[in-house]
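TrEMBL lists 12-32, 141-158, 188-214, 234-259, 335-354, 361-378, 430-446 with the feature transmembrane segment.
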Amino acid sequence: MAALSVMTGGGSWFLALALGVTLLKCLLIPTYHSTDFEVHRNWLAITHSLPISQWYYEATSEWTLDYPPFFAWFEYALSHVAKYFDQEMLNVHNLNYSSSRTLLFQRFSVIFTDALFVYAVHECCKCVDGKKACKELTEKPKFILSVLLLWNFGLLIVDHIHFQYNGFLFGLMLLSIARLFQKRHMEGAFLFAVLLHFKHIYLYVAPAYGIYLLRSYCFTANKPDGSIRWNTFSFVRLISLGLTVFLVSALSLGPFLALNQLPQVFSRLFPFKRGLCHAYWAPNFWALYNALDKVLSVIGLQLKLLDPKKIPKASMTSGLVQQFQHTVLPSVTPLVTLICTLIAILPSIFCLWFKPQGPRGFLRCLILCALSSFMFGWHVHEKAILLAILPMSLLSVGKAGDASIFLILTTTGHYSLFPLLFTAPGKKNLFLIGWKLSTSLAWALWKSSVNLYSLSPPGS
């Protein structure tokens, strides 16, 4: 912190924060990694060694390619660098291959692509309106936001221990949000369209983007009371947005449309047979629903109200990724989860349409869409909570109420990510356990101690 104080001139503190977290990421290179490490190695091999016509059909490994085409091309680009590290990692038949050079390449590829995330955070800091009279660096909203994003505990766990490329993807999302704050709507729309074709989980927040762009960009003015001035609707802007989305989609899906493979691609992107819940349950409504079903089945067996022979051995609580039927409660289908999610996001969507509050109103709607999808979506991963936590960081440095909500959300959300840090049975991985507990505690204490409330004007 003393070093940061010395380098306050010209915003050098931001560079110090970015370099500091990069060094921390390098220290995490030898730590535990999950099966996602093999997933991405396999995708490197698929995209490098097979023609595009086989990308979404290849099934030598159980970890088949199930991300949109832009991410497949991203892996293809990485593979041409990977071959200089270890050619064997690009062999489709080398299942669970993990040489030291492969480890270094994949870890450093995540660190390197995080450069986009760093740039996006820098752009988001430009959108923060805070008190200019703060003497202490640690009280400045831009500094606080930079720490909350660059040093986000959950993102460090998921990307640099568990292993994924979320930093790169969230960089696209945050940059898109920043462009909307900067009134560069077409750039924001373009970046989000590109993001959707990198990872389709961001469909969760697509309603917020669609409604905001239609309401605040296609309608060029409002009445004095904030309601829509219908005669200001711009067909040119609507067509421009539609054309942007169409061209991005055509570039992504066009080759597979030409190969008549779109049904196969979509079957990989939306594998509904994986079941209602992921192996590590996300702490959402369906986790409670499954737990209640289990309790009721146990009570039913004790009271001899249920026939043990009719109860399947494998249940929702088995930890497997596949489709099951509930024992007592009605089984849930993908359509039910979709309806529940839509009902949950409707209030925020209506509010964004009828009571627009500019970019901050859009950001609130985006967060609520992310949380609604997390609570009621089909086969939600615990990592999806970051889709709400990271955007919420921007609101937390503005108002006291948002800061208090952010503290609760991040503390509980990051705690729910702990199962991702796996420790092998019979072994005491003291380093990983110690790092997990000490870092999460330090993160929570820092959030609590920072005077976020001083950033709010009286009465906010």
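Quick reminder: no glycine exception, Cβ is built from N, Cα and C everywhere.
By number of Cβ pairs under 8 Å, the transmembrane segment (188-214) is matched best by 361-378 from the list 12-32, 234-259, 335-354, 361-378. Taking Cβ pairs closer than 8 Å, the transmembrane segment (234-259) reaches residues 52-53, 56, 68-70, 186, 189-190, 193-194, 197, 213-214, 217-220, 265 in its own chain, all 6 or more past its ends.
The transmembrane segment (361-378) shares the most Cβ pairs under 8 Å with 335-354, out of the stretches 12-32, 141-158, 335-354. Within the same chain, residues 207-208, 211-212, 215, 227, 276, 285-286, 361-362, 364-365, 368-369, 372-373, 375-378 sit at least 6 positions outside the transmembrane segment (335-354) and bring their C-beta atoms closer than 8 Å to a C-beta of that stretch.
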